[in-house]
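What TrEMBL annotates here:
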TRANSMEM  57-85  transmembrane segment
TRANSMEM  106-126  transmembrane segment
TRANSMEM  132-150  transmembrane segment
TRANSMEM  162-184  transmembrane segment
TRANSMEM  196-218  transmembrane segment
TRANSMEM  239-264  transmembrane segment
TRANSMEM  270-297  transmembrane segment
TRANSMEM  318-341  transmembrane segment
TRANSMEM  347-370  transmembrane segment
TRANSMEM  382-415  transmembrane segment
TRANSMEM  421-440  transmembrane segment
């Protein structure tokens, strides 16, 4: 009987781990589902209220803002998932408070600097083809987007998934819709500039709510303890993660920017609708990753490799099969769904199919990116994502002039397959983990 006790305790521990994963993933799933629906509804209504051309102006400016905001985070989005769980596990309240304070300072400074530099370049490169006002307003969003992203990941690192995701996923799109509708009603129409203004107002409110939520999640000691700083260590770990995040945003949005350059804002708007629709495939992956990422950091810190394999094996199966169902649904109903944006948008159907298949490949190997980045292999991740981003840019430059939207989608899908396959091999080699959805580990 005494010999059976350790096995019983191990099974109990495993069940507790999977229960935590299921509970956190369930909360994240509800928030992601509602948030994804609200954000998608927001894009549909904005497109219908503005038309393809003005929606393209909005999409192009917002994509540039999103790209620069990722650089402004300095890698501290993923870095927060590395250090917040670590300091919580060690009950190192002084360093936890110091991390939160210093990261906020650095991200705000970087966001303001990038916005100023970006705005200056836009003024110097003023062109009749560009809506300079919209692009300058997009630059003003850079520090706001960066701070929202970093604070979301700080709260996520505490495993308070609802508080992490509700403000940016649910509150933000509701505020954007309300503000945009009020502008539409009062002005008699909606422009790209007005939509960006609505977004800026929503971000300011979300930042305030996040600040309150972060205080609620932290132990009292972490709020009252004098801060201590390990800035050099934080930067040393986070800089490669910045390369990862920057490369990921290039992988996800370079196609929209290059379509805007090669084909114009209208085509960029149509392609963005296809991109947003294809992203529905990945919402389960994002929901499960919301709880998986801090658990990876915690289990790696404890050196519990067996539990890590069990957790990621369960997670990737939860990710893949719902993603497959969504992909099949888009193959059948994609034209109808794109038609919700307006009469011109179904021409993006072929691009939608290719992008959805790329997202399905992404779901088939689950959290490979987090597994590398949160276990001390962030340098390798940076190389993989960086080279894949270069491949993506090169293929977009080659294929967009030839095949237009389909060429951009092919380039992005090829880059997705490349970095997922590459990271899968590296995870197996360096961590000994098999994360393919058909793995029986």
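Numbers here mean position along the shown chain, with the first residue as 1.
For all residues, glycine too, the Cβ spot is worked out from N, Cα and C.
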Practice problem: Using a Cβ cut-off of under 8 Å, list the residues of the same chain at least 6 residues beyond the transmembrane segment (382-415) that approach it. | Solution: 240-241, 243-244, 246-248, 250-252, 254-255, 258-259, 262-263, 267, 270-271, 274, 347-348, 350-355, 357-358, 361, 369, 372, 422-423, 426
Quiz prompt | Leading contact stretch, 57-85, 106-126, 270-297, 421-440 vs the transmembrane segment (318-341) - CB distance under 8 Å | solution = 270-297
Self-check item: Same-chain residues at least 6 beyond the ends of the transmembrane segment (57-85) whose Cβ lies under 8 Å from its Cβ atoms
Solution: 46, 50, 96, 99, 103, 106-107, 110-111, 114-115, 118, 131, 134-135, 137-139, 141-146, 149-150, 152-154, 156-159, 191-193, 195-196, 199, 234-235, 237-246, 248-250, 253, 256-257, 260, 265, 268-269, 272, 293-294, 297-298, 301, 370, 373-374, 378
Exercise. Using a Cβ-Cβ cut-off of under 8 Å, list the residues of the same chain that are 6+ residues beyond the ends of the transmembrane segment (239-264) and lie near it.
Key: 56, 59-60, 63-64, 66-67, 70-71, 73-79, 82, 129, 271-272, 275, 369, 373, 378-379, 381-382, 385-386, 388-389, 392-393, 396-397, 400-401, 404-405, 408-409, 411-412, 415-416, 419
